[in-house]
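Everything below concerns the one structure shown next.
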Amino acid sequence: LVIETIENIATKLSISISFKTDVTQTLIDITEIDLNAQDKILIRNTNAVINIKSKVGLTPLHLATLQNNLSVSKGAYLNDGDANGMTPLHYAAMTGNLEMVDFLKWTPLHLAILFKQLVIELLAKTFFDLAIENGRLNIVAFAVEKYIAAR
């Protein structure tokens, strides 16, 4: 009954769903999915896996970051990169989303990525570089302030 309900909701929302055999975890294949539809699926199905990835490596947190939506963040891996290695923090910096940048925490890994220290990057550019290129001076100032405070 749970699987049928989820399948019906998914069909109405044009979402592709696949299931594991043990039904304790439901895998949602995110193709091009409306975030509000994603929230509805996650709310209705508490067994949904939050750290799954689309074919291009996007997680629900990547999509949530693009829409300044913190509702799908609980239990999500903050450092998961997409197919190009871009984390939700990269996306938040590119879009100038200071609230999401602050929410995504300043872990030692993010500080290392910020200044290209001790990290082999999958991308030639860090989220800091992307913020500069996109004229997101609020993100640049915030990042520098956090870096100085962490020293």
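Placed from the backbone N, Cα and C atoms, the Cβ positions cover glycine too.
Marked as repeat 'ANK 1' by Swiss-Prot: 21-37. The repeat 'ANK 2' feature in Swiss-Prot is assigned to 41-52. If you look up Swiss-Prot, you'll see 56-80 marked as repeat 'ANK 3', on the strength of sequence analysis. Sequence annotations record features per position, and here Swiss-Prot assigns repeat 'ANK 4' to 84-104. Residues or ranges marked as repeat 'ANK 5' in Swiss-Prot: 105-116. Sequence annotations record features per position, and here Swiss-Prot assigns repeat 'ANK 6' to 117-125. Sequence annotations record features per position, and here Swiss-Prot assigns repeat 'ANK 7' to 126-146 based on sequence analysis. Marked as repeat 'ANK 8' by Swiss-Prot on the basis of sequence analysis: 147-151.
Per-residue pLDDT, averaged across the repeat 'ANK 4' (84-104), gives 85. Within the repeat 'ANK 7' (126-146), the DSSP-based counts of helix, strand and coil residues read 17 helix, 0 strand, 4 coil.
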